[in-house]
Amino acid sequence: MPAHSTASDNPLDRERSHLASSRSALRSMREDVESLDIRDVTGNWVNAAILAREIDDRIKALADLAHTPLFFGRVDFLHAPGADLAEGGEGERFYIGRRHVHDADGDPMVIDWRAPVSQSFYRASKKDPMDIGLRRRFGYTGGELTAYEDEHLTDPEETTGASALLAAEIERPRVGPMRDIVATIQPEQDEIVRADVHGTVCVQGAPGTGKTAVGLHRVAYLLYAHRERLARTGTLVIGPNRSFLQYIEQVLPALGELDVAQATVEELVAHVPLRGTDTAQAARIKGDARMAEVLRRAVRSGITLPTEGCVVVRGSRRWRVASYELEEIVRELMDRDIRYGAAQAALPQRIAHAVLVKMEQGGEAPDDRVQDAVARTPAVKATAKALWPPVDPAKLVLRLLSDAEFLARCAEGLLTEEEQAAVLWPKPGKGVRTAPWTPADAVLVDEARDLVERTASLGHVVLDEAQDLSPMQYRAVGRRCTTGSATVLGDIAQGTTPWSTDSWSTALHHLGKPGSRVEELTVGFRVPGEVIGYASRLLPEIAPDLAPATSIRTASDTLAIRRVDGSAAPEDADALDAASELAPATPPALTEAVLAAVGAALRNEGSIGLIAADARVPALGAALTAAGLPYLDPGTETNAESRLTLVPASLAKGLEYDYVVLDEPAAIVDGEADLRTGLRRLYVCLTRAVSGLDVLHARPLPAALG
Ligand SMILES: Nc1ncnc2c1ncn2[C@@H]1O[C@H](COP(=O)(O)OP(=O)(O)OP(=O)(O)O)[C@@H](O)[C@H]1O
């Protein structure tokens with residue numbers, strides 16, 4: 001593309017003119033697709049319908065979204081890429097954007113951010129300029145190109161500080177769902193986004209280092225680089241709960257990817273209706289990897305060695321497979337590494353084959369059809385069923401959790417008596433539909449199902465907030481990507497389940513991807529330096545091996561910690577639940593101060609999160625309503641009119657707000673079963689704010705924060 005193509009000397013004008021011509025080229029591309037006449041090329045209506053849908057999708061993909069910049073960057077190569085940096089090679093200029101746009105001659109006007117040539121836009125540095133003379137980033141205001149920022153990577157004189165456009169992008173007030181970060185992916189993030197599809201990558205990263213953003217962009221990248229393969233095998237993003245998934249669900253569609261499934265782990269294993277809850281101890285044992293062996297034994301517990309032979313009558317002759325021969329067949333199937341159900345299906349054929357051999361020895365010449373017919377005879381079917389009975393996974397787990405004697409047999413040498421007692425349901429389950437299934441039980445059923453029949457594997461799975469999974473849950477996720485790969489994202493310091501992982505190598509082992517590479521992201525984008533510094537004081541107690549995150553933003557006055565005095569008379573007693581009745585009562589002055597802080601925060605632009613211990617939420621909700629401050633639940637998207645969300649601490653993970661008002665930290669810590677988990681929960685809550693955090697407390701703060 002020629003470097004000088006317009007009359008104006010003002011670079012901004014020239015860039016605007018390229019934007020205008022790219023837009024009109026995009027329009028032409030769209031019109032071309034719209035005018036396609038498919039009548040001649042489709043032989044039948046099925047083809048026509050499929051093609052029409054594809055064309056429809058393509059038209060949608062080519063829509064010019066007024067508020068999404070068509071390109072956000074530009075790179076000027078010193079030489080033509082691929083010309084082996086030859087002396088005199090002509091440099092080329094590329095505009096980088098969300099999608100590919102070409103002109104009438106097919107020459108590129110905008111390059112997709114995922115194309116190989118775009119990689120240098122993200123990765124080039126002064127140290128390694130990657131043959132780039134100029135990198136330009138564009139700033140937009142309401143769809144208008146209004147600014148640009150240049151870096152001359154090969155100019156030793158030029159010094160560049162932090163990018164103002166990047167800071168502005170991060171601080172741009174947010175309402176609505178999570179945004180994409182294509183324009184500002186950082187080099188260490190890009191390494192993960194573009195990592196090879198065959199490898200599993202695990203990312204440990206402090207709050208706000210972009211793990212979720214990186215995981216989602218990685219899916220978009222992989223779909224671009226391996227479209228056919230992944231369209232066939234499927235991709236899945238797993239998040240901790242529905243409100244989190246709702247928050248992130250727009251990112252991939254905004255990047256043009258509409259076909260990525262999203263689910264929670266609970267939804268993946270939803271084979272039985274959940275009716276019960278476990279104690280922490282029971283859940284921990286049920287989530288322990290030893291349960292996999294307990295279940296393997298349970299599934300195979302019905303296999304019986306024969307005591308008598310099997311007799312097949314064909315015409316006037318009788319054929320007998322002796323009991324020792326049947327035993328050989330059963331033992332051989334038991335030793336083979338195949339699913340229980342596959343072996344069950346193979347057994348009648350094996351018995352029939354033994355009959356066939358005898359027929360041949362007896363002078364007959366049976367063919368394959370005879371073997372099938374023999375396999376279907378009642379005698380063979382009955383023998384096979386007795387030796388290798390069918391297993392219904394849910395019924396099997398129901399029995400395991402209801403029948404102490406059966407559990408003892410399967411768990412011998414694996415679980416102690418005390419552990420077995422903890423695992424059993426208080427009352428035996430009567431039927432699959434009515435049993436007191438807990439979330440951890442559903443994972444067991446999933447494991448049992450997989451022992452019977454192999455779970456289908458996807459091409460790629462992104463597992464977010466992975467630190468909270470139990471070993472059995474890792475296994476459930478792992479079997480959904482046995483033939484594919486995974487991106488595992490998490491933060492050990494944010495683990496808040498009784499079974500949360502302390503080591504990524506253990507987690508990867510349970511996932512079935514041992515030895516995968518573990519990367520660490522340490523630069524925080526969300527949380528201002530002052531705030532992350534304060535929250536990091538908890539790290540020695542909650543994750544001593546982790547280094548504190550740094551922040552790319554160092555603004556001051558982002559953190560306020562205020563003690564509220566007041567009499568400890570309980571407020572609205574109806575709103576207090578049993579747990580909080582045991583805790584010190586909350587002075588009304590605290591609630592008043594919180595309402596005032598929320599009111600002040602609302603005077604800023606952007607979203608506001610009021611985060612509080614779950615037990616405090618009803619009282620605070622009532623107080624907000626009484627004060628005429630409408631609020632949303634975390635699962636509901638904020639908008640320009642409703643910018644305030646009341647967030648129970650248990651749902652804060654993964655979410656973020658421009659301004660956070662944090663109510664009574666001590667109550668958040670008390671809401672968890674033990675101090676370390678409580679402090680971890682508080683760490684999550686302290687790290688949700690982009691522009692300002694206001695902490696209000698009446699009770700003493702945890703020692704590290706005091
Ligand atoms: N390169 C980037 N450019 C601009 N914004 C970024 C970049 N990386 C991350 N962000 C922003 O920082 C915020 C935090 O990112 P994200 O939620 O992905 O972090 P996280 O590591 O998953 O955090 P948590 O551990 O709290 O779940 C988001 O608003 C995201 O858009």
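Just so it is clear, glycine is given a Cβ too, placed from its N, Cα and C backbone atoms.
Here is what TrEMBL says about this protein:
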REGION    1-25  region 'Disordered'
DOMAIN    184-528  domain 'UvrD-like helicase ATP-binding'
BINDING   GLY205, ALA206, PRO207, GLY208, THR209, GLY210, LYS211, THR212  ATP binding site
Per-residue Cβ crowding (10 Å cut-off), top of binding-site residues THR209, THR212: THR209
Additional residues surrounding ATP, by Cβ distance to the GLY205, ALA206, PRO207, GLY208, THR209, GLY210, LYS211, THR212 centre under 8 Å: ASP491, LEU521, GLY524, PHE525, ARG526, ALA549
Close in space, distant in sequence - GLY208 (ATP binding site), Cβ under 8 Å, 6 or more apart: GLY524, PHE525, ARG526, VAL527, ILE532, ALA549, SER551, GLU656, THR687
Among GLY205, ALA206, LYS211, the binding-site residues whose C-beta sits under 6 Å from ligand 1: GLY205, LYS211
Cβ contacts of ALA206 (ATP binding site) (under 8 Å, same chain, 6 or more positions away): ASP491, ALA493, LEU521, THR522, GLY524, ILE532, LEU546, PRO548, ALA549, THR687
Residues that sit under 8 angstroms from GLY210 (ATP binding site) by C-beta distance, when 6+ apart in the chain: ILE181, GLN186, GLN189, LEU521, PHE525
DSSP state at GLY208 (ATP binding site), helix/strand/coil: coil
